Amino acid sequence: MPLCLKINKKHGEQTRRILIENNLLNKDYKITSEGNYLYLPIKDVDEDILKSILNIEFELVDKELEEKKIIKKPSFREIISKKYRKEIDEGLISLSYDVVGDLVILQISDEVDEKIRKEIGELAYKLIPCKGVFRRKSEVKGEFRVRELEHLAGENRTLTIHKENGYRLWVDIAKVYFSPRLGGERARIMKKVSLNDVVVDMFAGVGPFSIACKNAKKIYAIDINPHAIELLKKNIKLNKLEHKIIPILSDVREVDVKGNRVIMNLPKFAHKFIDKALDIVEEGGVIHYYTIGKDFDKAIKLFEKKCDCEVLEKRIVKSYAPREYILALDFKINKK
């Protein structure tokens, strides 16, 4: 039985639109009604996220609903996996891609002929709901953590609005670092933040972690990229958080702030900033540390050398390279 949102009928259309906007409506089942109530099938989502986007009374229930009869068309991945099997097997074309707002970013090697790159871009444009398609021309690089992109199909623009976890974000995929694959990680942090927390987001970018911490008392959002801070300010206004989030354009090493919850989302270089994080965090506070590695041991030893701490939680966020992962560790700092 699908998970359903039980609401009063009078809120039906508005609620349906909000669920669609946030990609939470389960389209495999039909919406049904009984008496004064509607039952809207939804995807698995935390109740707190629903409360943050729906200003109405609701109940989460499991209910038998009629399945939609859908004639399934071949997906983008299915088509390219057949048409370009050789290039995929050689590691030149990846079946994975990112969706940021209404833009798609593919992973296709420079070694693939331009004509084929364009063909794949057009396929993505037709089969993935989007307005524009790009491919990565480089890895993330430089002080601002951005990558070169090549336009393949659709609209040739890089600015978009991305929606996740009940909030919206302006993102320019050519000028700032942003990973939609960390949406689940941001939802995890969102649940941990309390009303009295003072959060310091050391590498804030356009503010996805800062805005996820919206229930905190105060959030310092720091970044060295002026384009990121410009969009962060727009995102603060877009999500009506002017009274909570303080944007700071600076190298974090030059900023003098304190907090009881520190976010270090800079996996490749976070180890270089541990001393600064320990300077920022209050004793008894928590550091959310992101790094790249084969296991958790190296990160734990780094912290244990510098302070009295305990690991509250550790998890693999996603694969980074063969036998390497983006790792998340939550450290409670008992004494510095």
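Here the Cβ of each residue, glycine as well, is placed from N, Cα and C on the backbone.
Annotated S-adenosyl-L-methionine binding site per Swiss-Prot: Arg186, Asp223, Ile224, Asp251, Val252, Asn265, in sequence order, evidence recorded as experimental evidence.
Overlay of Swiss-Prot annotations on the structure.
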residue : record                               : DSSP (3 states)
Arg186  : S-adenosyl-L-methionine binding site : helix
Asp223  : S-adenosyl-L-methionine binding site : strand
Asp251  : S-adenosyl-L-methionine binding site : coil
Asn265  : S-adenosyl-L-methionine binding site : coil
Binding-site residues: Ile224, Val252 - member with fewest neighbouring CB atoms within 10 Å: Ile224
Residue, out of the binding-site residues Asp223, Asp251, whose Cβ gathers the largest set of other Cβ atoms within 10 Å: Asp223
Densest Cβ neighbourhood among Arg186, Asn265 (binding-site residues), 10 Å radius: Asn265
Max CA-CA distance, Å, over listed S-adenosyl-L-methionine-binding residues Arg186, Asp223, Ile224, Asp251, Val252, Asn265: 23
